[in-house]
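As given in Swiss-Prot:
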BINDING   Ser191, Ala224, Pro225, Gly226, Gly227, Asp243, Asp263, Asp279  S-adenosyl-L-methionine binding site
ACT_SITE  Lys308  active site, proton acceptor
Amino acid sequence: MQQIMLMCRPGFETEAGQELMDSAAACGLFGYFQPIRNAGLVRFTLGGPESAFELMQRIPLDELVFVRDWFLVIGDCPLPARDRVGAVIEFLRGADWQGSLASRLETRLTETNEDRDLGNFARKWVAPLSRGLREADMLAQDSASAKGDRLELLLLDFETAVVGLSLADNRSPFPQGIPRLRLPASAPSRSALKLEEAWKVFIPEDRYLDYLGGGRKAVDLGAAPGGWTWQLVQQGMMVTAVDNGPMNPELMATGHVEHVRADGYAWRPKRAVDWMVCDIVDKPRKTARLALDWVGGKLCRYTVFNLKLPMKKRYEEWLICRDILLQGLAEAELNCRLRARHLYHDREEITCFIERLD
């Protein structure tokens, strides 16, 4: 297998392809990418003797920012109007597919798919296709024998399926990298979902209490009307909301929030807190330096902040901000972990997470 299918936010295909091309080159692997414009899909093809599997063994998905999820591409399978199950079986036989490689399959759609009939077909097709593949020894009979690797079928339309394999230890825990979240009626704004998604992406599920529990203290810079503050309060935190704008009255009535009318970039706490979060729309380098000031000054242990990218050279701007952050953390001689991801609930921004490990 020489090709990988990348999934990203529609409109950011070039950034995702460039990012993987640079990451591969850093490992001594070279290839090229073909974006499927405004579909949130990119085909990345290795140009040398190395396999796509080798590339995925060297590059953890967690280290990528614009790539939400990916899988190894076996090939494009034409789907006839009749007996599509048989067509997939014959395609896999022709590709020398080993049934022990995967124990289950998933059907995928492009994020921009608006064909309800295709969506209904994708859901209903899983059971008969799985049954047919197992009967043909194209799927392992039990999950233990396949180590959790999964056969993927990305339906571009009713005529074509991109068939591939996702690796259990290097794929998103969420379908196509998108957590399915619902906005409670009590949340002041939809931005609440962004912070929730950030926690799900950056924090191991079995360590939620370690990071978020125990009555922690937090600061929300640029808080109004209170979407991120609301999420912090839901975790039982005492929150200082810093913003010159008005906060949601119901949120203030919880007794967990102190509203400070001040400039989020200038204000600093008298004592260190556990969390600092910031969703201020401003120049990304300014926000990156703000986060460095908080972490470097040991004003917080954890921070989640957004970097608003420009309309042009978005990937290049992220690289500049990344270097600012990494260099600043190194100069502060702090043991920290930096992660970033273009979340589903992000638009023209990316979300960063820094935690102090000392």
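Along the chain as shown, residues are numbered 1 onward.
Each residue, glycine too, has its Cβ placed from N, Cα and C.
Projection of Swiss-Prot feature records onto the structure.
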residue	record	Cβ contacts under 8 Å, 6 or more apart
Ser191	S-adenosyl-L-methionine binding site	Gly227, Trp228, Asp279, His345
Ala224	S-adenosyl-L-methionine binding site	Ala241, Asp243, Asn244, Gly245, Pro246, Met247
Pro225	S-adenosyl-L-methionine binding site	Pro188, Ser189, Gly245, Pro246, Met247, Asn248
Gly226	S-adenosyl-L-methionine binding site	Pro188, Ser189, Asp220, Ala241, Met247, Asn248, Leu251, Val257
Asp263	S-adenosyl-L-methionine binding site	Asn244
Lys308	active site, proton acceptor	Val281, Asp282, Lys283, Pro284, Thr287, Glu348, Glu349
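In this structure the residues listed as binding S-adenosyl-L-methionine are Ser191, Ala224, Pro225, Gly226, Gly227, Asp243, Asp263, Asp279; their two most distant Cα atoms lie 20 Å apart. A simple way to gauge crowding: the CB of Asp243 (S-adenosyl-L-methionine binding site) has 22 other CB atoms within 10 angstroms, across all the protein chains here. Cβ neighbour count for Asp279 (S-adenosyl-L-methionine binding site) (all protein chains, 10 Å cutoff from its Cβ): 22.
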